[in-house]
Every structure is written in C-alpha cells, then in structure tokens.
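In Swiss-Prot this protein carries:
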type     : residues                                          : note
DISULFID : 35-45                                             : disulfide bond
BINDING  : 47-51, 72-77, 95-109, 132, 152, 179-181, 208, 262 : DNA binding site
DISULFID : 98-110                                            : disulfide bond
REPEAT   : 167-190                                           : repeat 'LRR 5'
DISULFID : 178-184                                           : disulfide bond
REPEAT   : 198-221                                           : repeat 'LRR 6'
DISULFID : 255-268                                           : disulfide bond
DISULFID : 258-265                                           : disulfide bond
REPEAT   : 363-386                                           : repeat 'LRR 12'
REPEAT   : 415-440                                           : repeat 'LRR 14'
DISULFID : 472-502                                           : disulfide bond
REPEAT   : 576-600                                           : repeat 'LRR 19'
REPEAT   : 678-701                                           : repeat 'LRR 23'
DISULFID : 766-792                                           : disulfide bond
DISULFID : 768-811                                           : disulfide bond
C-alpha cells in the first residue's frame, strides 16, 4: 500500500525508504532487520534468502555484536565494506550461500566472489565458516583467526602461502573438497610443509578428499588428525613423524569393506591395507584411534605397543570375526575405555556361538564394549567369560546379532554393568545353558545388511515425542530387549537380575495375560516398557510383583482393546504403591474397562490416542474415570476425538492437576470459566483443535495458568481483555491460527509480563496504520522470530513477507494515495487546459465564471445546514441477546474501530442517549441527527416497540425532508419476508443487506454496508421503476 501508486511509484519508493530509515534511526523497529538479535550478541540471519550482507542502521548497536550467522542464504559477492562496522565481531558463519553445483539441491552453477579486504577489515575475527561455498582459493584472512572451516568447497590446493600469517589458528576443517558428492579431477593437493607455519594448530580434518598419502610436514602441535574416507592404503612410521602430540587419529574408511557400504565404495585392493608394525609406536599420547571400515582381517599386537594412554579404539566394519575369538592384541591396552567391534561379521555366515578372546580380560579400564552385528545365535556364559572380571565395564552392546537363545542371568555376574542392549535380535524366551561348539552355519543366500548409522541405538530412556515417561539413563542397570520375538514373559528369564532397574520389552509380540507372576525376580525394577505389544490386561494383580515400579509404559497395546466383547481390568494400578508414571496411550480404549482408575502415588498419566469421547458419552459410567488419581499432576488427553468438553468433565478431573494436554482433538468450543474447577492448573495445551474465536468469556480471575498453547487452531477473533485476568500467564502460543491482527486490548496490563508470545504463521493484515505493529514492538523481547518469521497474510503484495517489509505505521493509506493521484492528474490537466481554453474561448469562460459566482451564495445558504452528529442511528431489539451481541461485538468494532480514518460515528441507545430526556425526545433526536437509520433485524415478519416507532419517524423524515434514510440489515434471512422488505429490495436493493452464512462473504458485506451508510439512498434506486426521492 505505497503512497500514490502508479504515477508516483518512484516517489512512493523514496517515501517508504525514508520512512523506514527514520523509524530505524529513532530505534523503534528491531535494530537488525531483517535479522534477529539473540542472546550473547548473536545476530541470526539464517534462511532469509538474502542476496547481500544486510546494511544495518548506524543506530543499531553493532558494537555489541560478537557473532553473525548468515547460514543458508544466497550471498554470492562479499565486499570489502560488508563487515567493517562490526568492530567486535568474533564468529562469522557464511555456510551454504553459494554451494558447488554438485552439492546444490538443483545443481545450479554458482561462484562466490570475495574481495581482498572483506575479512581483513575484521581484526577481531576468531571463527570463520565458509563451508559449502563455491570458492577455489583461500581468501585473505586476519591473523586473529582461531577456527577456519573450508569444507565442501572447491579449494584443491594448499601451499605455504595459502594460510601464511595465521599464527593463532587452532582448528582447520577441509573436509569433502574432492569426493563422490563434490567430484573433482584430482585429489586435494597439500604441498609439503604447507601447514608447518601454523604453529598452534591442534585440530586438522581432511576427510573425503581422495588423498593417497598423509600430507608431509604437518605441524608437530597437532592433537587431532582426521584423515578418514580418503584412499590412504599404506601407513608407515614416517607418515606420522614428529606428530608426537597426537591424541586422536582417524584413518578409517581408507580401504573399505564395500559389502557393508552405504554410499559409493571403491574396493580395497588385495593385500591391503598395509600398516607397518611401528606405525603408531611413537604416538605415546594417543587417546583415540579409529581404524573402522579398513578391511582388516587380523590385528597385529605391535600396532598398539607404546599406546599405553589409548582410551578409545574403533575397529568396526572390518573382517575381524575370527580375530575376536583369539587375538592377543589387547594385552597392553590397560587404559582402554571404549572398544567398538561392531559389524565384523563373516559374509553369509552366522556363528552358533561366540567366544571372546582371553585378551579381553586384560582391558581393566574398559567401560563400553560394542559387539553388535557379529551375527551369532546363542548368548551364554562362555560368550562373555573373558569380561567377567572387568571391574569398570558399564555398557555392553549386543543388538542385531540374530541371537535366538540368550541366558540373561549371565549379566548378574557383572556388578558394575549399567546398560545392556539386546534389541533387534530373535530372542523368544529363556534359554538353557549350552556348551560352546564354535560351529558356524552358512546362510542360504545373500543377506541385505542394515546400515551402521541406523544401529547406533541410544539408551532405552532416550527422550522421544512423549516427555511423560522418565529416562533410564540415571538408573543403575538397564536391559533393552526391544524388537525381539518374545511372545510370553517367563520369570526364569530374569533369574539373578534382581538389581535390574529398567527393562525394555517394546516392539515384541507379547500377547499373554499378565497376572503378577511374570517379573517376580525383578524386585528392584523401577521402569518397565511394554509398549507396542499385545498385552491382555485382565487380571487385577498385574505387575503387583514389582513393589518399586515407578514408570510403566503400556502404550500401543491396542489389539486386545479392539476385540469386541472382551473386558479389561485396570484395577492393578491401585496396587502399585510406587507407581508415578503410567502410559496407556494409543490403545484405542473406548469401552468395557474399569470405571475408575485409582492410585495414591501416580503423578503423570498419558491417555492420548484413545476414544475418551465415546467413554464420556456413556452417561455417568466413566465420568469419574480419572477422579481416583489423587496425586495426579500431568494428564495427556490428546487425540481422544473430543468434540466437546463439558464443565462436569473438567470438574471430575483430579484437583491436583498442573498440566493438561488436549492436543489434536476436535474441540470447536471451550468453556474458559470452567478452568476455575482446576485450581492448580499451570499449563494447558489446546493445540491442533478447531477453535475459531476466543469470544465466550475470558480466562477466569485467580487462575494459576502460566502456559497456554492455542497453536494450530483457526482462531480469527479474540475479545478484548480475554487474557487480562490470568495474571500469572507467562507463555502464550497463538501460532498457526487465522489472526489478522494482535491487539493490546486482549492482554491489558498482562502484556508486559509475558515471556513468550508466539504469533508466527498467522495471516496478519499489513494495512497502513496496523496497530499490531506498535504492540509487537513493545513486547518484541517476548515474540520469537519477530523480524523474520512473523509475516503478512494480506494484502497480496506483502503476502509471505515480514511485517517489517515496509513500515506500516508511517506509510500512507489508500485514500490518501488516490488523493495524491487525483491532485497530480488535476494539476497536469489544468496546466494543459487553461492556456488552451483561454486562447479559444476566454470571453465565454469569463461570463460563465461570473454567472456561477452569482449562483454560489444561494447554494451555500441552502447547504449551510449544521453538520449531522452521527453517520447512522442503529436500531435493534435489545431483548434478542444474539442480535445485541452482534451489534456490539461485530458491527460496532468493524465500523468504528477497524476502518481507520474512515471510521463511522454510530448512535447507540445505551451509549449515546441523553439521560433525563424522554424516550421520544431521544428517539427523535437520534433519527434526525443521523445521516442514516440502520435497522438490525433477526426476522422481518414482526416488528414492534422501539423498532416500529423508529421506522415511523424515518418514514416521516422521508415525507418532510424527502430523504430516504432507511438501511436494513437482516441477520437470519428467511423465505417469508415482509412485503415491505421485498418491495424495498426491488426498488433500492443496496439498502437491504443480508448477513452472509459463510465467513468468506463477510468482508464483502462490511464493504457494502459502509457504502450504504455513506452514500445517499437515491443513488441506489432502480431507474427502471422510479427516480427516488428528489429535493426541491
């Protein structure tokens, strides 16, 4: 809505730019538009599709900026002056602005140009990230640089002059400059001694560069050297000469095992890799060594001589399946803490048993052992016999080995063991002790091996989508048996596992009826995960053998609940004295269950994904289903197909509730006053429902509500002061709704206390003079993503753009734009017409001018009537509450508050009538002091009382003044309209308006009503029938 569109378009752009600059200079808008200032001096400009570095205002506190992130934009040219004003800039991120064509999503060619002094102008710069940019040379860099990332670029040559002068540099990343995703004609060329001048360099990463040898002349200060996934197939002591300070060396993936590769792979030549016995002997400070994916068939003990400080050794994805059972290479690694031997399987072979070599017993400091993907079918005492005396062993990974027989009791002999992962196997029940035979069984055909990245499973308690269940990471002993073939659970499985505290049995096929005897040996169990099974909850003593059970996950056990006619008993919950967390989510519970849950200890219940709507529809049968949970603090009722939530439903929830989730239901109405029935409620989640307005009341006074999530609804209207009484409210999420504005009247004095006010993803109407801009600027510290993620939904030219694309407070409105255009057009027309008319008919014009001059005084006297006080007198039946509500909350708001400068003056009985005057005096004054008389009718068949009297006065005014002032608004159009209405529709259609049923037609209705109230009715009369009333 720029001023004076069309003819003055260049002028409008100038006015807008000047207005925006003025606003920025005054400090009223966010200082770093279009970017966002975040804590710790970070200016975030990520994902803004910028084509150049923003020119921030001189008034912005650029001196306080220490970090600038321009990640994932479209900046292809960096100038000398781009960063000169950031005098304290320390970190600069320019990643993903102009990626090489092969890395670009659309494979578009791109080249980034960096002028010579771009970074030299920032002498304080310490961290620079230029990754994923199409640059071929290293730009000039300041000597203050500490960390430099040039990964996934087109830099293929490093020589001594390239990084000269970077004496403070400690971290250098040059990964992926020449590999299958970023192909080149040759390998990365590192000249001998090219990095030798970097005396403080400690971290060097050259992964994925097609290197065939270790670069010569590396600085002796290096502590981390990463050379994985190149083509270095020989290693000798001279390759790592002088690197005595190395702590981590990664040379994995240089001679790959291609039958387990997840990306393009070059087969390792026969007889390689070749590692000299003394390759690592001089690296006495080495703590981490990675030899994964290196096609190793054996381990030479001499490789590890001198590595007394080695703590982490990764030997995964090799061919060490035989070596594991007899190697002596581990005897000297007394400090080793983590050992990874995963996916050292024999192609097409699965072992019947596995014996770990005796040298494993010398790893006295070993804390974590990963042997998943070896493929052996039986786990017995002899399998882990070598580990029995390791006092520090805490974590053991045995997943994805196709184990079908497992003696779980063997883990009772490991007093320090904290986590055992046996997931993704084929365990079907308890196993008898078996002697090891060492035999192998050949598979019948090729096996498709899963990728290693999908197998690095974390602990059982890794937080997921649901935050109700506690994590197992802090517990002393966790056993994960998820994704196996268990059909039943037998107490014999858990013999000698009394100290087990967390047990995962999810994603099995357990279909038995638990009766209180399945977990008898697990007297200390605190967390039990039985999700994604087929448990039959019939017995009232289920799980009662677990006296210390605190968390029980029974989610996704829907099959028994879907069986028609089968009952389910949940009374066992009352008999678990320590139970605090219970999940019954996604079970489709709808009928034939216990009428009430009872527990004195339960604090969190996840009941999402059920059909509570059907349960509450059964009269009072399940009305008190949750009432017996006296200590309940958190309750999740999401995805329960709720269409309504009656006050009695909330009244029968536990009064101790602090968090209530009602996400993703079908709620189109919510009784806000009923929140008073939950006196301790602090957080309410109503996201993903079908609320269209916040108009029925307001948040009750005295509520303890602190967090309210209303995102993902269709809210388009909020009544004033809706949130004002919730004085403790601090976080409000209104994102992804249909709001066209955000009014300060919604919040009252609460606005300043809000810590989070999320209004992103709303179609805000960015009209000139939009009041929400000033309000959002006042509370901008609480609005996440205000500069870039709060966007306009209309008008069309601003749709999808930031609300600060132009300053909506200083731009001119549309009416003034037309005035500017009309005046300029008139000036041009007069400058052309006046000389021409003067030349052709000057005397005639002089005569007409004086004739009009003599005629004007009479017209002036005739029009010299006092200006009317109101634009319209609104008449309606106050007895009809729905009509009165529409007049006060819709009609008045639209015509008086939302029209800006074109606001109309309405005369309302209860607001504008003068006390002390008679009814008739006020009525007469209202009709004769208003330009129009607006009748708001619910129906047209019966009109009486004040409506009838007002109509007669309006008709009298028609007879006396010859002015038709009647405008009809019919809220509920019916087929049987009065004859007067039908006649008036014939003669003067624009003065009879019908309230549209569809919200999409309301905008047109208000426009028509504004026209009907501001123009004379005689212009609306149908000329085929009459000419309308005329003045004398």
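Every residue gets a Cβ built from N, Cα and C, even glycine.
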Chain-internal residues near residue 110 (disulfide bond), provided their CB is under 8 angstroms and they sit 6+ positions away: 76, 98, 99, 100, 101, 104, 134
Length of the line joining the Cα atoms of residue 502 (disulfide bond) and residue 47 (DNA binding site), in Å: 42
Cα-nearest neighbour of residue 45 (disulfide bond) within the listed disulfide-bonded residues, 178, 184, 265: 178
Sparsest-packed among the binding-site residues, when each Cβ's other Cβ atoms within 10 Å are tallied, from 99, 109: 109
47, 72, 77, 184, 258, 792 filtered to the recorded positions whose C-alpha is within 10 Å of residue 268 (disulfide bond): 258
Pairwise CA distance, residue 35 (disulfide bond) versus residue 255 (disulfide bond), rounded so that it is a whole Å: 46
Fewest other Cβ within 10 angstroms of its own Cβ, chosen from the disulfide-bonded residues 45, 766: 45
DSSP-derived helix, strand and coil totals, residue by residue, for the repeat 'LRR 5' (167-190): 0 helix, 7 strand, 17 coil
Residue 77 (DNA binding site) and residue 255 (disulfide bond), distance between Cα atoms, whole Å: 40
Distance from residue 184 (disulfide bond) back to residue 77 (DNA binding site), taken between C-alpha atoms, in Å: 24
Alpha-carbon distance [residue 265 (disulfide bond); residue 792 (disulfide bond)] in Å: 49
Same-chain residues at least 6 apart in sequence whose Cβ lies under 8 Å from residue 265 (disulfide bond): 256, 258
Sparsest-packed among the disulfide-bonded residues, when each Cβ's other Cβ atoms within 10 Å are tallied, from 35, 184, 768: 184
Shortest C-alpha distance to residue 178 (disulfide bond) - which of the recorded positions 47, 72, 109, 766, 768: 109
DSSP-assigned states of the repeat 'LRR 23' (678-701) in counts, ordered helix, strand, coil: 0 helix, 5 strand, 19 coil
Residue from 47, 72, 181, 472 whose C-alpha is spatially nearest that of residue 768 (disulfide bond), among the recorded positions: 47
Integer Å distance between the CA atoms belonging to residue 47 (DNA binding site) and residue 766 (disulfide bond): 22
